[in-house]
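Heads up: the structure comes next, in structure tokens.
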Ligand SMILES: NC(=O)c1ccc[n+]([C@@H]2O[C@H](COP(=O)([O-])OP(=O)(O)OC[C@H]3O[C@@H](n4cnc5c(N)ncnc54)[C@H](O)[C@@H]3O)[C@@H](O)[C@H]2O)c1
């Protein structure tokens, strides 16, 4: 019996060799050899790959040459296509409605980076309370005078997170992990604001108190953690009014998306002392980092590495391969469907 054909966007698996060998036994893998969006469209139009039942994208950076996956590109996909499994949680590069309208199921890899991203948020929370990044920069000067001066200076404003209030903006999958670690690991208290309230069990496990407005969250938090998806509605969700409502000398960390926070308002709040410190993995205009933020001593900066850990990449590969196997060969639903849910198909 012929093996179902799977179009590979980008590189083959780099981590899970055994699973990849097994996958290649079960499926005929066709490399897409992408160069550009137009080149890919042309290849599809000319049916250069023949028919295929699935598309796999094993790493976030794979296949980005073909972006954007708009309705026009999608209209050239073969009618044999049943499922597309892609690494990564975000899919703003893809017109999911147009894909679903062609009867194609889509699976992302949400959850794969939850541990890594929540761990990084904890690093930022610790740094904004203890001003560890400022201390590191002082140590790196190699200058004994700076060492001693910064040691004394930090002693005037560093605090333990224990007993302080973490204000969670959004209490989704990643923020629940951040909260669990901050509450049970660091001894923080939790208030949260989310458009969808958490269930009673989650609230109990985290000792979480839900507040009705962002303004109340801002007022009550010693450190705010931002973890909501970026969309029109959350553009500059954290703005001047939010910072105005915060206690003087409070803190904020962002592991969601840069433009959820207004960078101008953030800089103004740091300058005025409303904020003592900020920890930012994501940046409004990344990969450009604000010069003003770079120069502020109580700002901890990372380069959008929230999800970046080998374990995340393993999970991307496991989920994308398993989703296609389940959907096409085992007649089982996708583990991580996004968009319209389709019944599994049996292409074999
Ligand atoms: N830094 C990184 O490398 C990295 C890695 C993975 C994910 N992320 C980002 O983390 C964020 C959260 O991811 P997740 O998987 O936990 O998502 P999720 O969908 O599980 O949770 C998001 C939560 O935000 C809530 N929400 C939506 N709009 C809101 C609003 N206007 N006000 C308050 N709450 C709102 C939702 O109800 C949900 O509970 C996303 O922005 C994602 O892009 C960043």
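Note: Cβ is positioned from N, Cα and C throughout, glycine not excepted.
Predicted automatically and left uncurated, TrEMBL annotations should be read as such.
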Annotated companion of 173, 174, 228, 255, 256, 281, 307 at the NAD(+) site, TrEMBL, chosen from 194, 199, 325: 194
For the domain 'D-isomer specific 2-hydroxyacid dehydrogenase NAD-binding' (124-306), mean pLDDT (0 to 100): 97
Cβ neighbours of residue 228 (NAD(+) binding site) where a neighbour is any other Cβ within 10 Å: 22
Nonlocal residues around residue 174 (NAD(+) binding site), in sequence order (Cβ under 8 Å, 6 or more apart): 113, 114, 117, 118, 121, 227, 255
Mapped DSSP class for residue 228 (NAD(+) binding site), helix or strand or coil: coil
Cβ-Cβ neighbours of residue 194 (NAD(+) binding site) (radius 10 Å): 18
